[in-house]
Amino acid sequence: MAKITRRAYAEMFGPTTGDKLRLADTELIIEVEKDYTIYGEEVKFGGGKVIRDGMGQGQQLAAEIADTIITNALIVDAVAGIVKADVGLKDGRIWKIGKGGNPDIQPGVTIPVGAGTEVIAGEGMILTAGGIDSHIHWICPQQIDEALMSGVTTMLGGGTGPATGTYATTCTPGPWHIHRMLEAADAFPMNMGFFGKGNASLPGPLKEQVEAGVIGLKLHEDWGTTPAAIDNCLTVADEMDVQVAIHTDTLNESGFVETTLAAFKGRTIHTFHTEGAGGGHAPDIIKAVGQANVLPSSTNPTRPYTVNTIDEHLDMLMVCHHLDPAIAEDVAFAESRIRRETIAAEDILHDTGAFSMMSSDSQAMGRVGEVVIRTWQTAHKMKVQRGALAEDAGKGNDNFRIKRYIAKYTINPAITHGIAHVVGSIEEGKLADLVLWKPAFFGVKPSLILKGGMIAAAAMGDANASIPTPQPVHYRPMFGSYGKALKTSVTFVSQAALANPAVAALQLSKPLVAVQGCRTVQKADMVHNGATPAIDVDPETYVVRADGELLVCEPASELPMAQRYFLF
């Protein structure tokens, strides 16, 4: 039998079982857990290679073959694991994960390739599910380009543009605004969903927003997040199967964190920026991560804790929440939210799986294009400061930690907001929202972004060059971002909206997909991130303990995935 060295094999077909890779310039190491290929029967496209007529390409009709095959890709996914496989796409969905080729002459083929199949070379590349950012202020549409080019393919949030209310809160208030935003969503290669304003003491104003098309309701302290508003909002959400997101009462005007937790009455809720710098009961909203019904997320400015984190937050907060630096009370409000002790604890609670999700808080104390980067910078910092997780101990890799962190911006926000039946992981039947990365650029600069099976964006060279690669190489929209191909993206709505004639009358062009199962989600359902430690915060020193253990870590003075990759 012919043999080949591991190095030569990896250079030709990508890494295989037992091979290890470094993610970008971090200290995170992945190891391939499984390879679906049959050695000697790999498929690869190119001159003199396998995918040619009568060889790796068979004679089947379109109904029997993949529309697209991504060959020899290394999947990194919270659900699928860290596995090497061919991935077949069909009708905009992930059709099969397995072994591609020509079943007429090759053994073990699960993804037939034919004349109707396009090929994307995944050799030496990492394939992830498109990211999900569940904390979007819809301040400007240009955010969508930034998010897409960073590897995010689903954006959930609220707002109407650069209105003062949207600068501060993720709410698209009332049926008129909701319908206009649903119409605007048709123009973008992005899955989108909208939150209505959840601050009301009677159910009527909330129900009409859900019927108009929002996928959830947002309670925000700037609109008055009182116990009565919380209770009313959750009651409507339970009735109509939508999620509730909350930014709690920083000033503790209508109660303390215990008051808010009591108002939940054990019902499911997504707590935004649960550390508190982004807003919430000062100084101890972080206690919420210990509740079985609370699904906690972070926003990315505090991720990870660095020597610059505290300094940048004060001015950011003053602008975003319409505060006046000349008013002492406004300054005191801002300063109460920025605490180095709880930000440091947030790092550790992410690493232990107590914080379940990562998000941006786009243009409103968060950077929309940095959800992915900040997630992996946090993972790197924790690897350096805390060493291997118990689940990875002695294995020589960081596979479990990597699955834990990628879940924070893929499957967990999908589960939380009732869209995991469509997006959030690399599983057969889900929308083919996929991102290809060179390992050296993982988490920083993707190579290709697919939406619904079609390339929507890519790092592309000079369009007038004789080949695709000459400088300037920068991110450009591809054909999936134009015309009726925008139907490769979806707009998420409530179940009530699908039955609403007023929504049908909008004649929206992108497919509408209803959220489902939002009210039965528990912290235990958060993949690799379901820990519920008992949290204590000292009201004087802000020191945080989890199950009695002191949570302390130093700020980072240097990070990977930073200036090495960006000139400007």
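Residue 1 is the first one shown; counting continues down the chain.
Yeah, the Cβs are placed from backbone N, Cα and C, and that goes for glycine too.
Positions annotated as active site, proton donor by Swiss-Prot: His321. Residues or ranges marked as Ni(2+) 1 binding site by Swiss-Prot: His135, His137, Lys218, Asp361. Taken from Swiss-Prot, the feature Ni(2+) 2 binding site applies to Lys218, His247, His273, supported by sequence analysis. Marked as substrate binding site by Swiss-Prot on the basis of sequence analysis: His220. Per Swiss-Prot, the feature domain 'Urease' maps to 130-568; the stated evidence is sequence analysis. Summarising the annotation, Swiss-Prot assigns N6-carboxylysine to Lys218 and lists sequence analysis as the type of evidence.
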If we check Cα distances from His220 (substrate binding site), which of the binding-site residues His135, His247, Asp361 wins as closest?
His247
For the binding-site residues listed here (Lys218, His247), tell me which residue's CB has the most neighbouring CB atoms inside 10 Å.
Lys218
Quick one: Cα separation, Lys218 (Ni(2+) 1 binding site) versus His273 (Ni(2+) 2 binding site), in Å?
13
State the three-class DSSP label for His220 (substrate binding site), counting H, G and I as helix, E and B as strand, and everything else as coil.
strand
If you measure from the C-alpha of His247 (Ni(2+) 2 binding site), which of the binding-site residues His135, His137, Asp361 fall inside 10 Å?
none
Fewest other CB within 10 angstroms, which one of the binding-site residues His135, His220?
His220
Measure the Cβ-based neighbour count of His137 (Ni(2+) 1 binding site), defined as the other Cβ atoms within 10 Å of its Cβ.
26
What's the number of neighbouring CB atoms sitting within 10 A of the CB on His273 (Ni(2+) 2 binding site)?
27
Cα separation, His273 (Ni(2+) 2 binding site) to His135 (Ni(2+) 1 binding site) (Å, whole number):
9
Suppose the Ni(2+) 1 site is His135, His137, Lys218, Asp361. Which further residues of the same chain have a Cβ inside 8 angstroms of that site's Cβ centroid?
Ile136, Gly157, Gly158, Thr169, Thr170, Ala245, His247, Phe272, Thr299, Ser359, Ser360, Ser362, Ala364, Gly366
Which residues, sitting 6 or more apart from Asp361 (Ni(2+) 1 binding site) on the same chain, put a CB under 8 Å from its CB?
His135, His137, Phe272, His273, Gly278, Thr299, Asn300, Pro301
